[in-house]
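Student: As annotated in Swiss-Prot:
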TRANSMEM  72-92  transmembrane segment
TRANSMEM  98-118  transmembrane segment
TRANSMEM  261-281  transmembrane segment
TRANSMEM  283-303  transmembrane segment
MOTIF     332-337  motif 'HXXXXD motif'
Amino acid sequence: MHPCLVETESVSLLQEEITIITMASSTFPTVNKCTSIGREKHTVVADMDGTLLIGRSSFPYFALIAFEVGGVLRLLIYLLASPIAAILYYFISESAGIQVLVFASMAGMKLSSIESVARAVLPKFYSSDLHPETWRVFSSCGKRCVLTANPRIMVEPFLKEFLGADMVLGTEIASYKGRATGLICKPGILVGDKKAQVLKKTFGDEKPDIGLGDRVTDAPFMALCKEGYIVPAKPKVTTVTSDKLPKPIIFHDGRLVQKPTPLMALLIILWIPIGFPLACLRIAAGSLLPMKFVYCAFKALGVRVIVKGTPPPPVETSKTNHQSGVLFICSHRTLLDPIFLSTALGRAIPAVTYSVSRLSEIISPIKTVRLSRDRATDAAMIKKLLQEGDLAICPEGTTCREPFLLRFSALFAELTDELVPVAMVNRMSMFHGTTARGWKGMDPFYFFMNPSPVYEVTFLNKLPKELTCGSGKTSHEVANYIQRVVASTLSYECTSFTRRDKYRALAGNDGTVVEKTNKANKVMGC
């Protein structure tokens, strides 16, 4: 018999077997009836949308890829294609609807760019939508498999790194010369019987212990498991908190603050033509006006600056009195931290940075000095700047969006005893003003494109003399103490993570870039 006929016959027999089993198991108990005790040696197979995740739609996650890789125009194309996808999905073919979403969001994109977004951006949004009952069962099993219609390249980093999945069976997208074509590899979109076929091919005669799904089309693969449970649609279910995940999400990237639902995606597209000119106006006000007027200008333009604590008065320094300026030790949220510090003080405070883009240097209203990464050179430069007046530094070396403080570099503590900790925190409703993967020159524009961004600057008490290096404390003791004080003020958690940890997690490098000849290596800051 011809091999193709044998393969066709095998597929037909498998489909018949699946149909018979599905008819015999047309109803499954709900997931809350599944015990999670004694499952350490069991294998679980779970669907993703509507099962592991509360939301049943994958629209927001494809929208994130469209925006983060292709920009606002690609998001617009994707949004225009979504009604077609919805009609196909609900009235003609589930797989055809998903195919349209894949094509509209990924066609022509580099696979490496899609993988980068999947690793650095999507986990934050996926983790905020985790179903508590499904996670209770899924996390209790020793071997975890996810079977999903979503492209594997899109979901695998989150499932394996943050949920501890051992195996991810997803739709495979086709590519040409490293770029996604928008088409799907065989056997196609994994829905209905195709899920069951892939599961049967992967596990063979071995039956997984638990199958978890949320819709009728999941019944074929659930019927191949020893136990099957349905996850009912309950939109008001409380999501799993981050502390219950095997690995907390400390670092994440991407420009969007909120999950881009269809309505939110439309608002983003409509707002950007308004928000960008508004951002330019706000930046111009901060750059061109005297610093003592910037606070009022920001307020008039919708940027709120909240000042807490008592700012120290300016220190009169000169070559004769040898008095050092105050060194402001700031927690690092965006590259705008020193600018909002200056706004709160009403005077320009120079800042040392690990590297900012040339555009950011041009539009900055304050003096910025780059660190060289050579300890002796940087120490001499900071001492010189302190002799000229007050100075700001962010010893974390890079930004962190979550309520954590990274390790403080101890160099600053060796250079002066005039230390004032400053707790910085900001609130944005639409765009993040930081990036690890994109061009940092756009960071201030994205921050000021938010409709009403907020910056809160809290001045803490000046460090007592007995807690400085001048009184016998080591620089590491001083740095760790200031980190704890700032973290306590913000209700943040101290960590020992560094800039290198962040960039390895988000960008796949250690955060350093090679500068042009005759220039020292600079660190990608912020």
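A Cβ is built for glycine as well, from the same backbone N, Cα and C atoms used for every other residue.
Since this is a predicted model, take the numbers as computed values, not measurements.
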Student: Is it the case that the transmembrane segment (72-92) and the transmembrane segment (261-281) have 3 or more CB pairs under 8 Å, with pairs at least 6 apart in sequence?
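Tutor: The transmembrane segment (261-281) and the transmembrane segment (72-92): touching, yes.
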Student: What is the pLDDT of the motif 'HXXXXD motif' (332-337) when averaged and given as a whole number?
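Tutor: Summing pLDDT over the motif 'HXXXXD motif' (332-337) and dividing by its length gives 95.
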Student: Same-chain Cβ contacts of the transmembrane segment (261-281) under 8 Å, 6 or more residues past its ends?
Tutor: 59-60, 63, 67, 72, 75-76, 78-79, 82, 301-302, 430-431, 444-451
Student: So if I exclude everything within five residues of the ends of the transmembrane segment (98-118), which remaining residues of that chain have a CB under 8 angstroms from its CBs? That is, six or more out.
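Tutor: The answer is 58-59, 62-66, 68-70, 74, 77-78, 81-82, 84-85, 88-89, 149, 151, 153-158, 171, 173, 175, 178-184, 189, 191, 254, 437, 507-508.
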Student: Are there residues at least 6 beyond the ends of the transmembrane segment (283-303) whose Cβ is under 8 Å from a Cβ of it, and what are they?
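Tutor: Cβ under 8 Å, 6 or more out: 339, 342-348, 363-366, 444-445, 448, 451-455.
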Student: Using DSSP, break the motif 'HXXXXD motif' (332-337) down into helix, strand and coil residues and give each count.
Tutor: 1 helix, 0 strand, 5 coil
